[in-house]
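Below is one structure; the comments refer to it alone.
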C-alpha cells in the first residue's frame, strides 16, 4: 500500500513494514509506459459499483484485444473476488486476540487464505469501518487500486487504466472505506509475475506523485498520461548498480520539496552554471527573512502605518479569542506563567537592591500584570510577552545613582523621563520610524537573540551558584570525627557556662529536667529564646547539592520531554500531549520529589500584602514638588537613550517573532506595538512601576509552546508544521494569573526555586539553538567531509562562512563586556 511512501506486508503476513521510498527499476518504468501506450484506457467512466465497472470493462474491449465469452466470464469472476486485507490492529487488539483465542489463531489464518474465493461485498465490511489506519489518511483523499498478477488461462496481457468520473466507495475492495477514483489492472500469462509486480509498483508510485496526480485527473487523452509520465522520467535520479543495496529500504526524508518548487526548478542544462543563477537563488533562499514586508511600507502620511496596522488586525480580533479554545493553550499558559512569575521575582529583587526598594518585587508583579494584560489586549503581535530586561535594569540603577548623587527624588525624575520617552515614541509612530526595521539583518537579529539567551543562561547558573553562600556545603565534615560533634540548647547568655539551673531560664523551663531540655528541637529552642551551642550546630543537610540535582534534572527532563513528540514510543496522540505539557509535568514531578525528601530548598516566595515595598513612597507619583523645575527639561537627555533602548529592544524582538518561518497568518503590527509600549511608559511612570519591553526568550518560548502541526500524516511522513496558534487569550491569562499570584502565595510556596531556574536554563538554551549562529559555530569544529549538507554551504565559500561567524562572535563578546560595565547605558547605541 502507498499513501506517500511504500509499505509491504512482511513475510510473516502479520504486520506492515516501515514506510520507505519506493526504489524502482528503470526497466519497470519503460514497461509501464508501454502498457499505457497499448492497454485499454477508460477516462471519466460513469459507474456506481465495482461490478458495473468490470462489466463495462470486459464488454467494452477493442476488437484487437476482445476476449472470448468464456474468458470474459472467468476474468470477471476473478476480479470480483474478495481481496485479502491486512488490517492495522492496535497493540490492545493484538493482545486480546493472543490471550482469549490462542487455539483458534491457526484456524482463523486458514480461513483468511480462503477468503479471496468469496464474492466482493457491495458494502464496506466491519473491519474496513473500524480500521485504525484511516486516521493516517489525509482528509479528502481518494483511492487508486492496482491489481497485477499471472493467470493461467490468459495467452496475452490484459491491461487497463480506468479513471472514474466521480469518486465512488467500491464496497469491500479497498482497505479502508474511502471513495475510489483510479484503477490499473495488469494480468497476463505465467512466468512473468515478477515483471508484473514491478510494473504495478511503478504505477502505484506514479499515482502517489502529486504532479502526476494532477495530470491523471485532468488528462483527456492517452497522450496526456504519457506526457505526464515523461515529465516524471525527466526528474528521475538513477543509482548505479553495485554502489547500493536494492533491497535496502530508504527511509523518508524529514523535509521534502513542494510541488510548486519542483515545477519552477531550472531545467537541467541551466544547473551547470552553479556560480551564477543558482548562487543568486541560494542567496534568496538564505535571506528569505529579509523579504520586504507590506507592514513596513511607508504611506507618507502621519500615523499612516499605525492606521494600516489597526485595519489589518481588526478583522482578526474576534478569532484572537476563539482560536485559543484548545488544550495546547492551557499548557502554554501554565508554562509561561511560571516563567513570568520567576522573572518578575528575579528582576523585582534586583530592582529593589538597585533602587533602595523604591521598586521591588510587589511593584514588579503589579507592573507585569498590568502592562502585559493591556499589551496583549491591544497590541499588533499579542504573542509577545512583556518583561523587565537586563539593559532596562542597568538603566534604572544608573538613574537611581544619579538621583542620589544630585539629591533628586528618583521617582519624580523617572516620571519625567518616562513622559519624554512616551512623547518620542509617539513621534516615532507618527513618522513611521518602524520602517527602519527592514534593515535589521540576520547578523543583528542573531547577535541580539544570542545575547539575551546567554543572559538567561548566565543568570540561572549565577542564581544556583549563589545557593552555596546561603546553604554552605559542609566541606569540613568528617565521618571519623562524628563522636566529637554535639549541639545543645542553651538559655544562658552567649559565652556563659551551660547550666540547667541558670537564673536566666524562662519560668516555664526552669522546672524541666536537663533531659527534657535536651530534647527540644532547633525550632523550639530558638522560639523560646534559647540559642544553639556546639560543634555541629551549623550543620544542615546538603541543600545545595539537592538544589543542583533539581536544577539539572528539570533542565534535562524539559529538553527530553519537549523532543518526545518525535519519539518512536507510544501513539502520536500521547506523544503530542506529553510534549505540549512537558514543562508542567516536569515541574509537578520535581515538586513531588522535593516534598518527598523534605529538604528546606529555597522556595518561590511572592508578596502577600498589597502595599509599596518602600513605605516612603505612594502609588501615584506627582510631577512637581520634590525636584527643581529644570529637572523636567534635563530629563530629555536620558530619555533619548531610553527611547533608543526601547525602540531597539522592542523592534528587534518583533522582527524575530514575525519571521516567515513561523507561518503567521494574521500579520504583524510594528507601529501598533510601539504605540502600546509608549502609552504603558506613561502609566507605569505615574504609578512608579517598572518599565517593560518585549522579552525575547520568553516570547520565543511562548511561540514554541503554541506550534501547530498536521493532525493526520501518512505513514513515514513527518507531521507538517502549520504555523503558530495566534491568539490573545494565553498572554492575557498569563498576566492576569501573575497579578493574582499575590493571593496564591500559600500554593506557590511549594515550588522550589532551583526547578524554576532549570526552566529558565531550558528556555535560554532552546532560544540559543533556534538561531543559525549555533550551527555555524559547530562548523568551526568539524572537518569539511563531516559537515552537514546545508544550503548556504553550497553557495558560499567555507572561509567566508567562518569569517562571518567569527565577526559575529566578536561583536557578541563586545556587547557582553559593554553590558557588564558602567557604560551599559550606551548598549542600545552599540546594537
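Positions of Cβ are set from backbone N, Cα and C atoms, glycine also.
Feature annotations, reproduced from TrEMBL:
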type: DOMAIN; residues: 1-95; note: domain 'Band 3 cytoplasmic'
type: DOMAIN; residues: 119-246; note: domain 'Band 3 cytoplasmic'
type: DOMAIN; residues: 301-831; note: domain 'Bicarbonate transporter-like transmembrane'
type: TRANSMEM; residues: 332-352; note: transmembrane segment
type: TRANSMEM; residues: 364-393; note: transmembrane segment
type: TRANSMEM; residues: 413-431; note: transmembrane segment
type: TRANSMEM; residues: 577-599; note: transmembrane segment
type: TRANSMEM; residues: 619-647; note: transmembrane segment
type: TRANSMEM; residues: 668-693; note: transmembrane segment
type: TRANSMEM; residues: 729-748; note: transmembrane segment
type: TRANSMEM; residues: 755-774; note: transmembrane segment
type: TRANSMEM; residues: 801-818; note: transmembrane segment
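Within its own chain, the transmembrane segment (668-693) is flanked in space by residues 293, 295-296, 303, 305-306, 308-310, 312-313, 347-348, 351, 358-359, 363-364, 366-368, 370-372, 374-375, 378-381, 384, 386-389, 392, 396, 411, 414-415, 417-419, 421-422, 425-426, 428-429, 432, 434, 437, 612, 617-621, 642, 645-647, 649-651, 653-654, 658, which lie at least six positions past its ends and keep a Cβ under 8 Å from the stretch. Outside the transmembrane segment (619-647), and at least 6 residues removed from its termini, the chain residues within Cβ reach (under 8 Å) are 391-392, 395, 399, 408-409, 411-417, 419-421, 424-425, 428, 433, 612, 674, 677, 681, 685-688, 691, 693, 825-829. Counting Cβ pairs under 8 Å that are 6 or more residues apart, the transmembrane segment (577-599) and the transmembrane segment (332-352) reach 3 or more and are in contact. Residues 359-365, 368, 372, 385, 387-388, 393, 396, 459, 463, 583-584, 587, 604-606, 613, 690, 695, 698, 701-702, 705-706, 730-731, 733-735, 737-738, 741, 748, 751, 753, 756-757, 759-760, 763 of the same chain lie 6 or more positions beyond the ends of the transmembrane segment (332-352) yet place their CB under 8 Å from a CB of it.
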